[in-house]
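Trainee: I grabbed these lines from Swiss-Prot:
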- Asp9, Ser10, Tyr41, Gly42, Asn73, Thr74, Thr184, His185: substrate binding site (BINDING)
- Cys72: active site, proton donor/acceptor (ACT_SITE)
- Cys183: active site, proton donor/acceptor (ACT_SITE)
Amino acid sequence: MKQAIGFIDSGVGGLTVVREVLKQLPHEQVYYLGDTARCPYGPRDKEEVAKFTWEMTNFLVDRGIKMLVIACNTATAAALYDIREKLDIPVIGVIQPGSRAALKATRNNKIGVLGTLGTVESMAYPTALKGLNRRVEVDSLACPKFVSVVESGEYKSAIAKKVVAESLLPLKSTKIDTVILGCTHYPLLKPIIENFMGDGVAVINSGEETASEVSALLDYHNLLDATDEEIEHRFFTTGSTQIFKDIAKDWLNMPDMTVEHIKLGK
């Protein structure tokens, strides 16, 4: 019987990471939990985010996952190291992979970071980037409206274009040549963000680099699955199963997927 890779996020954003993992590792089985009922995590304090992240983690660990991907930047910043220390399975977040991808892309060492308020205030990206390259200059920008645009399914709409233009205006006057999408919801807005920032700015979706790290870690721990056993992906949400399914079907191209509603916490 296949063991799944577990993915957790505050909502549908982590599906952007799942998509990249399934591209690179098509034999792997995915269990995904989106805490849509309590989304967004960005404005919440670190202790509350850590508590919610542990609740999601325990739910998937109880279902026998072989690895955990914290596919949420805010949750990664709040709880990655604590969870990694206490679990006996491999655990990765999305901040280090995103930072590495940005440093590969930049030509002038001037990098912008778009994130939730929680991620920006944590200074997790500047810390990670400067830990890898001390010469890098980082401009961080909180974009609190982006998550609600994605969660409402409006990420291809005129509303999305307006919100992106208004939110990113401060970055247009900087000399950055690379932007990290420092929230896993934001890649659903990537075409609009790329169009607004222009051809001279590389827009980094940390999902690809995270997927490469997932592959490397599974290989290192001898957990890669190359068998042709039947794959049963499972998707869980604390919010509306229909809204989750509509976005997930569009993003993952899984027309027959089912989504299970669960409750977390009290």
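Just so you know, glycine gets a Cβ as well, placed from its N, Cα and C.
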Trainee: Starting from the Cβ centroid of Asp9, Ser10, Tyr41, Gly42, Asn73, Thr74, Thr184, His185, which together make up the recorded substrate site, report each further residue of the same chain whose Cβ lies within 8 Å of that point, ordered by sequence.
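Mentor: Filtered neighbour residues, in order: Gly11, Gly13, Gly14, Cys39, Pro40, Cys72, Ala75, Thr116, Thr119, Val147, Cys183.
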Trainee: Give me the Cα-Cα distance between Asn73 (substrate binding site) and Cys183 (active site, proton donor/acceptor), rounded to a whole Å.
Mentor: 5
Trainee: Using only the residues recorded as binding substrate (Asp9, Ser10, Tyr41, Gly42, Asn73, Thr74, Thr184, His185), report the maximum Cα-Cα distance in Å, whole number please.
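Mentor: 12 Å is the greatest Cα spacing among the residues binding substrate.
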Trainee: What same-chain residues, at least 6 away in sequence, bring their CB to under 8 Å of the CB of Cys72 (active site, proton donor/acceptor)?
Mentor: Ile8, Asp9, Ser10, Gly13, Gly14, Tyr41, Thr53, Val94, Cys183, Thr184
Trainee: Out of Asn73, Thr184, give me whichever of these binding-site residues has the highest number of other Cβ atoms within 10 Å.
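Mentor: For the binding-site residues Asn73, Thr184, the Cβ with the most other Cβ atoms within 10 Å is Asn73.
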Trainee: Within 10 Å of the Cβ of Cys183 (active site, proton donor/acceptor), how many other Cβ atoms can be counted across all chains shown?
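Mentor: Here the count is 33.
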Trainee: Secondary structure at Thr74 (substrate binding site) (DSSP, helix/strand/coil)?
Mentor: helix
Trainee: What count of other C-beta atoms do you get within 10 angstroms of the C-beta of Ser10 (substrate binding site), across all chains shown?
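Mentor: Neighbour count, Cβ to Cβ under the 10 Å cut-off: 33.
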Trainee: Please report the three-state DSSP label of Cys183 (active site, proton donor/acceptor).
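Mentor: Cys183 (active site, proton donor/acceptor) sits in coil per DSSP, no helix or strand.
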Trainee: Enumerate same-chain residues with a sequence separation of six or more from Gly42 (substrate binding site) and a Cβ-Cβ distance below 8 A; give 'none' if the list is empty.
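Mentor: In sequence order, the residues whose Cβ lies under 8 Å from that of Gly42 (substrate binding site) (at least 6 apart) are Thr74, Gly115, Thr116, Leu117, Gly118, Thr119, Ala142, Pro144, Val147, Cys183.
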Trainee: Quick one: among the binding-site residues Thr74, His185, which has the most Cβ atoms sitting within 10 Å of its own Cβ?
Mentor: Thr74
